[in-house]
Amino acid sequence: MASSSLSTSQTYSILNLKNRTRVYTSLPNSSFKPFQSTIKAANLPNDTFKNPSALFNKKQASILPWAENSKALAKAPQFSATTKAAGAAGEENVEEDEMIVSWIDLLPEKIQPYAYLVRLDRPIGTFLFGWPCMWSLALAAEPGMFPDWKMLAFFFFISFWSRNIACTINDYFDKDFDSKVERTKRRPIASGAISGLQALIFLAAQLVLGYAFMLPVNELSRLLWVSSLPLIFTYPLMKRITYWPQAHLGLTANWGALYSWAAIKGTLHPGIVFPLLIGCFFWTLEVDTIYAHQDKTDDVKVGVKSTALLLGDTTKLWTSVFGIASVASFALSGFNANIGWPFYALMVPAAAQIAWQIWAVDLENPADCGRKFRSNKYFGAIVFFAILLGRLFS
């Protein structure tokens, strides 16, 4: 099917399956059997991505000989998982890198690297920053009342913005590491699409705008948001000095539980907010330990640390402990908030979701680690509705 003039490393087969374009790379021996229909191949010019809509023309597959340079790599959608190649061993069932041709490629060319930098096409990070805010606001609602939907929308946006800042800082500090890791080497700073100076200017604009966005809320909430920035700035450095960077992320990603509560109440209730923060901490520790297993082989090569490397074969045992601690802390927070019985009833399926992701995940399969990581948006939704209904019946 593929042209023999193209090397395997430069051959990308793009399949449009059910209106969703998927890209598979590193197919051994240029042999690939499509799942459906006849697939037409065409050699496209190197400037194909100057007209991204060509990728979707008439639902046909194309073979793209992308140039091996940073500019071309920057325009490429990023891999969602590391290749688990079996071609050298002659195996037929090869797990290919999979990536989605993103809507970002339809944006103006100068904007695309920045959109990829803040992961606009990957919202799971925003959910992981956002759910603690949503949980806190629901707990802060008056008994028998829903939380203010305007505040929910506002702090979801603040979570989105904080996560964008975190992505920029993370990629700036990790650019040398990212360029050596298969999953991250196409990130805009690592590939050279965005220079270090451009990244810093972009970061400065993000910080100024972020503070401006927080001006409508009270001073305590605003100061707590500012206090989250040192955590965000130092997180990328933790993997260089400790095997527990995920613990640092447990505070970084969940600080919103404090400043969102403060925006409603004007103060902090230690018996409610701190157990909630502790629950969020252990939840993130469990979630990100599974996520870190995607990169453990490359992490060893480049010399960075993680709980995945520290815990190794005992990961499932320890993440189970983290999950239990998380659910127990959430329950304590709800109890101190005098929340109603639906909260406790719905925490059962929430706990089951955590148990499923821990014991069903294949820690040797990067793609499956990624899927279990992304499933936490459902855990967050279950906990949110548990608090919401519990508050209505309190």
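Note that Cβ sites are derived from N, Cα and C of the backbone, with glycine treated the same way.
Unlike curated entries, TrEMBL annotations are predicted automatically.
Keep in mind the model is a prediction, meaning the values are calculated, not measured.
So that you can see what the record holds, here are the features copied from TrEMBL:
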type     : residues : note
TRANSMEM : 124-141  : transmembrane segment
TRANSMEM : 153-173  : transmembrane segment
TRANSMEM : 194-214  : transmembrane segment
TRANSMEM : 317-335  : transmembrane segment
TRANSMEM : 341-363  : transmembrane segment
TRANSMEM : 375-393  : transmembrane segment
Open item on the list: Checking distant contacts: for the transmembrane segment (341-363), what same-chain residues at least six beyond its ends satisfy Cβ-Cβ under 8 A?
Closed with: 283, 286, 290, 293, 308, 315-316, 319-320, 323, 326-327, 330-331, 334, 369, 372, 375-376, 378-379, 382-383, 385-387, 389-393
Task: Remote residues contacting the transmembrane segment (194-214) - C-beta distance under 8 A, at least 6 residues beyond either end - done: 74, 113-114, 117, 157-158, 161-162, 164-165, 168-169, 171-172, 175, 188, 221-222, 225-226, 229
Open item on the list: With Cβ-Cβ distances below 8 Å as the criterion, list the same-chain residues six or more beyond the ends of the transmembrane segment (153-173) that contact it, or say none.
Closed with: 117-119, 125-126, 128-130, 133-134, 137, 187-190, 196, 199-200, 202-203, 206-207, 209-210, 213-214, 216-217, 225, 228-229, 232-233, 235-237, 252-253, 256, 260, 263
